[in-house]
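Colleague: Have a look at this one before I ask anything.
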C-alpha cells in the first residue's frame, strides 16, 4: 500500500469505503508515477478504460429517465457534453481528488490542457475502481450529484451556445457578438480566462474558466440566459 495516499480522506470525499483499498491506490497512480517508481507495478490506465464505460452508462441512464420524451440524437448530444474531458475534470475538482493524484516528476502539469486530461482520467479511474469494488450503485451515487440540473442540461441539447448567440444577434439585431478576454486566476491559483461578450457596445454575459474556449461558451450561455432566448426553445422538452 502506498503511504503517500490518505485512503480514509479520499473515501470520505467519495462517501464510499473500499473493501479493496488497493483499487483506489491504483486509480490514483498516474502512469508517469509508475514509470518512475520501481516498487509500483500498476497504474490507472485500465481502470480509466473501465470507468469511461461506467460513466457513459450512468449518464445515459440518467438522461433517459430525466427526459422521457427526448429523441436519441438529442440525448446523445447532451451525453457527449457530460462525459467529455472538461466535464470529467470538473467532477474531479468538485470531489477534491486532484490533490491525491500520484504523478511523476517528469510529468508535471504545466498547462490547462495537461491538467484537464490528467484530472479527467483520474475521475474515470476512480469511478472504475468504485465500480469494481462496490458495483454500479455506489458509482451512480457518486456521479449523479455531480451532474448539472435539468435546467442546465437543456442548453447542452441545443448545441454550442456561441453558435446560438451568433444566430440570435444576426437574426434579431443584424450584428455579431464580440468576445473580450482578460487574465483570470481560479481559487486553486490556476491561471485562466475571463471573457466578456459584447453586443452593440453592451455587456451581455461574462464567464471564467481555465480554457479560453470554455470561458467563451460560459459567457455566451449567460448572454442567452439573460435575454431569455432558451425558454421558448426548451419549454416542451
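The backbone N, Cα and C atoms fix where each Cβ goes, glycine too.
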Colleague: May I ask you to find which of 48, 61, 72 Swiss-Prot records for the Mg(2+) site already listed with 121, 124?
Modeller: 48
Colleague: Compute the centroid of the Cβ atoms of 48, 121, 124, then list the same-chain residues not in that set whose Cβ lies within 8 Å of it, in sequence order, for the Mg(2+) site.
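Modeller: Everything else in range on the chain: 44, 45, 47, 49, 51, 52, 88, 120, 122, 123, 125, 128.
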Colleague: Give me the non-local Cβ neighbours of residue 121 (Mg(2+) binding site): same chain, 6+ apart in sequence, Cβ-Cβ under 8 Å, ordered along the sequence.
Modeller: 30, 44, 48, 88
Colleague: Take the C-alpha atoms of residue 124 (active site) and residue 52 (active site) and report the distance between them in angstrom, rounded.
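Modeller: Rounded to the nearest whole number, the Cα-Cα distance is 5 Å.
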Colleague: Could you give the mean pLDDT over the domain 'DRBM' (160-229), rounded to a whole number?
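Modeller: So the average pLDDT across the domain 'DRBM' (160-229) works out to 90.
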Colleague: Tell me the Cβ neighbour count for residue 48 (Mg(2+) binding site), meaning other Cβ atoms within 10 Å of its Cβ, over all protein chains shown.
Modeller: 20
Colleague: For each of 52, 124, count the other CB atoms within 10 A of its CB; which of these active-site residues has the top count?
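Modeller: Comparing the active-site residues 52, 124, the most crowded Cβ belongs to 124.
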